[in-house]
Amino acid sequence: MEGYRMWLEPVGIALGIGLLIGLEREWAHKDVGLRTFALVALAGCLGWLIHPVAAFLLLGGAIAMVSLLNIRSLLVDRTLEMTTSVALLVTLLLGMVVAQGQGLVAAATAVLVTMLLAWKAELVRFTVGLSLEELRSIVLFGLLTVVIYPLLPEGLPGNWDPLGVVNLRGAWLVVVVLSGIGLVNYALLRLYGARGIHFTGLLGGLVNSTAAVGELARRCGGQGGGAEAVALEGMLLANVAMMARNGLILAIFAPAALGHGWLAVGGMVSVTGWLVFRAMRQGRGTAAPEIRLAFPFSLRQALLFGALYLVLRGAVVLAERWLGTGGFLVVAFLGGLVSSASTTAAVATLAGQGRIGIEMAGMGVVLASMASLLFHVPMAWLGGLRGQGLRTLARLSALTALVGLLGLAAERMLR
């Protein structure tokens, strides 16, 4: 019975992996579908359980069979099924990985494989829409992440940094993480931004909330009526996205600080979400404006962002040391006017290193987020939003900030 159970778990996981990948191929109307992929995954798993040599013989046979089938397809139909063929071989390998006791790794890989297969149209559309400059920026991002980052020193030599705030490798890690978040959200904006202003505001806010608000104001400001009303909803969703992004940054660099400031952030997000939901129920709609945010990564942007991060990091340390908690909070608020993401990263990394308290870090991130959403009001005015739309945005932003302050006060009273 014990031996039966030992075989049952890997066989079940391998079967699930094959069915998952095969389901997508069956849905795509491929000749090789659900049953074939399930059998191939089982073959890989059972082959390895019998003996590794048997598994590798199966792999060699599968490669030969796939090659012959593609040659036949090329001669008869003038087509190649390279993606399905490679997916079939990967499924066999995943079955072998499961048999080695790495079921979680194999299952996670199977999900990624299925995502790549299912999102073919989106990936092709995003790739075709890339400019040469954007493509080079992506390659540069990979170069600076994989090649340059490991070569950077932890700090400055000698006594050049008595406060210990300059950490070049840490600064570059922050640049890489935030640029990566921006790249992912930029891709989502390019793919789904045309589905409506609400998608545009939410996804644009994840890339650059200030730029998204300015672009929405520029595209819809002055049109009046429904266009400005729906643009206002998009701006509010950009605020929600900004706060969610800052929370993600805090979770990455100082997860322990998430327990502080949650009431304020939760209140601000809830109020903003309720305002958007109430406005959406009124049924106003308009076509989504085509907003074009700048590509979120370039060498110049990376260097400027890294420098800004180091400046804010130093300002936070000096303010906390010389002016106490009040000075720290003022710097966090002023930093949010410049860049809430950079300020959040500076505060979070200092908290993660124990340089400042996690409670202060949570409060600092809340204040930086509040400053950013208040700064969106003059940015909307510069973009062209006027009259009732601008006054409404100002009132709602002030209300959201007030809710944040009340949340901070409530947390202080509860502790």
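The backbone N, Cα and C atoms fix where each Cβ goes, glycine too.
Annotated in TrEMBL:
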type	residues	note
TRANSMEM	6-23	transmembrane segment
DOMAIN	13-125	domain 'MgtC/SapB/SrpB/YhiD N-terminal'
TRANSMEM	56-75	transmembrane segment
TRANSMEM	82-99	transmembrane segment
TRANSMEM	105-123	transmembrane segment
TRANSMEM	135-152	transmembrane segment
TRANSMEM	172-189	transmembrane segment
DOMAIN	176-383	domain 'DUF4010'
TRANSMEM	301-319	transmembrane segment
TRANSMEM	325-348	transmembrane segment
TRANSMEM	360-381	transmembrane segment
TRANSMEM	393-410	transmembrane segment
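A Cβ distance under 8 Å defines the sequence-distant neighbours of the transmembrane segment (135-152), meaning residues of its chain 6+ beyond its ends; these are 168-169, 172-173, 176, 179-180, 183, 295, 297-299, 302. According to DSSP, the secondary structure content of the domain 'MgtC/SapB/SrpB/YhiD N-terminal' (13-125) in residues is 98 helix, 0 strand, 15 coil. Listed by sequence, the residues of this chain that lie at least six past the ends of the transmembrane segment (6-23) yet keep a Cβ under 8 A from its Cβ atoms are 32-42, 44-46, 49, 87, 90-91, 94-95, 98-99, 101, 103, 106-107, 110-111, 113-114, 117. Here the transmembrane segment (172-189) sits against the transmembrane segment (325-348); at least 3 CB pairs are under 8 Å, leaving out pairs fewer than 6 apart in sequence. Note on the domain 'DUF4010' (176-383): mean pLDDT across this stretch is 80. Sequence-distant neighbours of the transmembrane segment (325-348) (same chain, 6+ residues past either end, Cβ-Cβ under 8 Å): 174, 177-178, 209, 242, 245-246, 249-250, 252-254, 257, 305, 308-309, 312-313, 315-316, 319, 356, 360-361, 363-365, 367-372, 375.
Below 8 angstroms of C-beta separation, residues 13-14, 16-17, 20-21, 23-25, 28, 83, 87, 90-91, 94-95, 97-98, 191 of the same chain, each at least six residues beyond the ends of the transmembrane segment (105-123), sit close to that stretch. Note on the transmembrane segment (82-99): residues 10, 13-14, 17-18, 21-22, 25, 30-32, 36-37, 40-49, 55, 58-59, 62-63, 66, 69-70, 105-106, 109-110, 113, 117, 120 of its chain, located 6 or more positions outside it, place their CB under 8 angstroms from a CB of the stretch.
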